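Below you'll find the structure, written out as structure tokens, and then a few comments.
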């Protein structure tokens with residue numbers, strides 16, 4: 001049995017040490033949990049340019065990716081890659097694709113690229129693994145269901161990392177056009193550059209518009225405005 005004074009000092013020391021580390025551990029654990037929950041709310045924005053929309057024969061020729069938080073703030077810009085495809089496939093594209101991909105310089109860039117589809121998937125998968133937890137963050141974009149079809153087929157490991165749900169800005173657009181036609185007239189118009197990174201940036205800006213002008217304000221924001229208005233009325237009176 002420990003002697004009184006020595007024992008009490010040792011016990012106090014052990015207890016104090018554990019108490020301090022225990023509290024710090026709780027704080028660090030809480031911070032880690034909050035960070036994990038925050039990361040789970042992120043959105044994985046993707047845009048593809050393809051040789052066409054036929055999933056049986058067409059291929060991905062450009063892909064870009066951005067990560068935003070739940071408030072649509074851009075947190076990270078991922079790879080923006082042009083993927084090599086055979087000239088025969090490019091020559092068989094529709095007139096629309098030949099015109100727009102030719103005008104944007106994408107066709108020429110594809111011919112000059114040395115990046116394979118497998119290399120591209122590895123780059124994008126590495127990026128989203130660094131930025132998002134597995135299986136929790138949804139794919140986001142404009143008419144992103146079309147992109148998803150190609151990603152499911154050609155980049156299955158990338159898609160396996162994401163949540164099965166998607167956030168499609170075009171759905172919000174169509175609802176806004178029907179339910180809020182006056183506000184819809186002020187929605188940002190797409191420049192139609194038909195380049196992946198530009199299209200993602202436009203999609204994020206468009207959803208920001210709908211959020212700010214169509215979706216109702218958060219309760220806390222409403223309360224703040226009510227308080228501010230009340231203070232202003234007191235000042236005026």
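Just so it is clear, glycine is given a Cβ too, placed from its N, Cα and C backbone atoms.
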Which residue, chosen from 122, 154, is annotated phosphotyrosine in Swiss-Prot?
122
Look through 92, 126, 170 and state which residue has the annotation phosphoserine in Swiss-Prot.
92
When DSSP is mapped onto helix/strand/coil, what comes out for residue 49 (Mg(2+) 1 binding site)?
strand
Measuring Cα to Cα, how far is residue 164 (site 'Important for dinucleotide binding') from residue 92 (phosphoserine) in Å?
33
Let me know the most crowded of the binding-site residues, choosing from 47, 49 and counting other Cβ atoms within 10 Å.
47
